[in-house]
Amino acid sequence: MASEKVETIVAGNYVEMEREGAATAGEGVGGAAAASGRRRGKLAVSSLFWHGGSVYDAWFSCASNQVAQVLLTLPYSFSQLGMASGVAFQVFYGLMGSWTAYLISVLYVEYRTRRERDKVDFRNHVIQWFEVLDGLLGRHWRNAGLLFNCTFLLFGSVIQLIACASNIYYINDRLDKRTWTYIFGACCATTVFVPSFHNYRVWSFLGLLMTSYTAWYLTVAAVVHGKVDGAAPRAGPSKTMVLYFTGATNILYTFGGHAVTVEIMHAMWRPRRFKMIYLAATAYVLTLTLPSAAAMYWAFGDALLDHSNAFALLPRTPWRDAAVVLMLIHQFITFGFACTPLYFVWEKAIGVHGGAGVLRRAAARLPVVLPIWFLAVIFPFFGPINSTVGSFLVSFTVYIIPAMAHMATFAPAAARENAVEPPPRALGGWPGTFAANCFVVAWVLVVGFGFGGWASTVNFVRQVDTFGLFTKCYQCPPRH
């Protein structure tokens with residue numbers, strides 16, 4: 001049974017771990033001692049590096065997926081916002097993102113409980129956000145969730161690919177950024193071989209360590225470098241409203257990484273333990289993003305307005321090269337996080353999601369990478385593209401739709417009475433929850449989508465007018 005479990009993981013079948021773990025333990029007692037020992041050894045190695053599903057795995061996945069390349073663009077956002085607004089928006093959107101991630105987790109548990117009461121078996125099926133919406137609210141909600149979620153994850157993958165090319169250029173500028181995009185597109189395509197979020201255990205752990213190093217490198221390097229001439233941090237939006245709301249929307253994007261919440265929960269052995277995980281992950285992420293962005297802005301001030309990648313302003317040293325390499329590896333991992341749900345959707349569309357072998361599924365997934373590759377070459381605007389995606393996609397995908405879906409699901413009195421996860425009294429019960437949801441919808445609709453969409457569009461069009469589509473080397477210094 002244990003060896004079958006290992007094969008199941010490799011093939012990408014998503015079996016309930018608690019039931020299977022119990023069966024494995026029971027069978028191991030009655031098997032031959034030598035065979036049982038070998039199986040246990042294989043299973044131990046697989047579990048250590050390959051097969052995660054604990055609360056800690058979920059925490060590492062959430063934190064690792066949330067921070068990634070945005071660490072390098074947040075100083076740019078601070079230069080657009082000013083120090084006080086930059087700090088305030090990070091804390092505010094961090095809390096708001098944690099709230100909507102909690103709502104998504106509640107809806108997942110509600111959907112899964114209802115379906116399992118109807119004897120639906122999810123052993124060979126990964127539940128996704130659009131299916132939760134479909135099961136709870138119907139096909140119109142499903143279509144909206146599918147459209148926004150897939151489009152966001154598509155561009156989220158594009159952003160990781162753009163970031164890879166932008167970063168590697170700072171340690172090897174013999175090739176332009178567009179050529180590096182081609183190269184890293186081929187490298188990132190290897191994520192088709194990772195079956196599910198179960199299998200990111202060691203990668204999410206290493207990814208977070210790598211980004212932690214990069215964050216503290218930025219902080220220390222900025223302080224050691226000291227203030228440049230003319231670096232006078234502003235306290236508010238003293239430039240233009242376009243810059244201000246573009247920066248705010250980039251932070252909205254930063255804390256909107258919970259579009260993969262359902263897939264992470266489904267990979268857990270006990271998904272109901274997820275409720276506070278995203279908040280805990282956000283708390284750690286803030287210890288990385290706040291010091292690094294504040295220190296960089298303190299040191300370089302308005303110079304960041306023309307350098308959306310923080311690496312561009314720091315002198316080349318072995319410490320910076322190490323940070324670049326580690327960030328590249330983490331961006332490869334984050335590309336997999338963003339792309340894996342798209343792989344699942346595509347597998348379901350062409351009918352290979354259930355029981356196909358790992359090689360067949362990998363081959364079937366390859367077409368998903370091609371449009372990502374193409375879009376990264378068309379729009380290589382590292383930094384401005386984050387705000388555009390944040391305003392038009394993140395606003396709806398992980399803020400507005402979850403809040404509205406939660407209210408619609410539990411609007412009937414019977415649904416509230418029979419809720420699997422009723423809101424805690426500390427949050428005001430149902431009235432407090434509904435009030436918080438209404439605030440999220442109104443705020444994000446007006447500030448994130450409205451003002452943020454306007455500002456991000458203006459800024460994005462400026463980048464196109466200045467650099468053009470398919471530009472070979474976005475924001476590269478002139479060669480002498």
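Using N, Cα and C of the backbone, Cβ positions are placed for all residues, glycine too.
Quick caveat, the model's predicted, so the values are computed rather than measured.
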Requested in this report: Using the annotation in Swiss-Prot, determine whether THR240 and ARG270 are placed on a common side of the membrane.
Outcome: no
Query - Tertiary contacts of the transmembrane segment (366-386) (same chain, 6+ residues out, Cβ under 8 Å) - result: 70, 73, 76, 154-155, 157-159, 161-163, 165-166, 177-178, 181-182, 185, 188-189, 192, 246, 250, 253-254, 308-309, 339, 342-343, 346, 456, 459-460, 463-464, 467, 469-471, 474-475
Report task. Take a look at 144-164, 276-296, 434-454 and tell me which one has the most Cβ pairs under 8 Å to the transmembrane segment (87-107). Result -> 276-296
Report task. Take a look at 144-164, 180-200, 204-224, 242-262, 434-454 and tell me which one has the most Cβ pairs under 8 Å to the transmembrane segment (67-84). Result -> 242-262
Query raised in the report: Are the transmembrane segment (388-408) and the transmembrane segment (204-224) near each other by the rule of at least 3 C-beta pairs under 8 angstroms (pairs 6 or more apart)?
Result: no
Requested in this report: Between the transmembrane segment (242-262) and the stretches 144-164, 180-200, 276-296, 324-344, 434-454, work out which stretch tops the count of Cβ pairs under 8 Å.
Outcome: 434-454
Query raised in the report: Are the transmembrane segment (388-408) and the transmembrane segment (144-164) close enough that 3 or more Cβ pairs fall under 8 Å, when only pairs 6 or more apart in sequence count?
Result: yes
Query raised in the report: In this predicted model, what is the average pLDDT of the topological domain 'Cytoplasmic' (263-275)?
Result: 90
Query raised in the report: Residues sitting near the transmembrane segment (276-296): Cβ under 8 Å, six or more positions beyond its termini, same chain?
Result: 55, 58-59, 62-63, 66-67, 70-71, 74-75, 77-78, 83, 86-87, 90-91, 94-95, 97-98, 101-102, 105, 211-212, 215-216, 218-220, 222-223, 254-255, 258, 261, 304, 310, 313
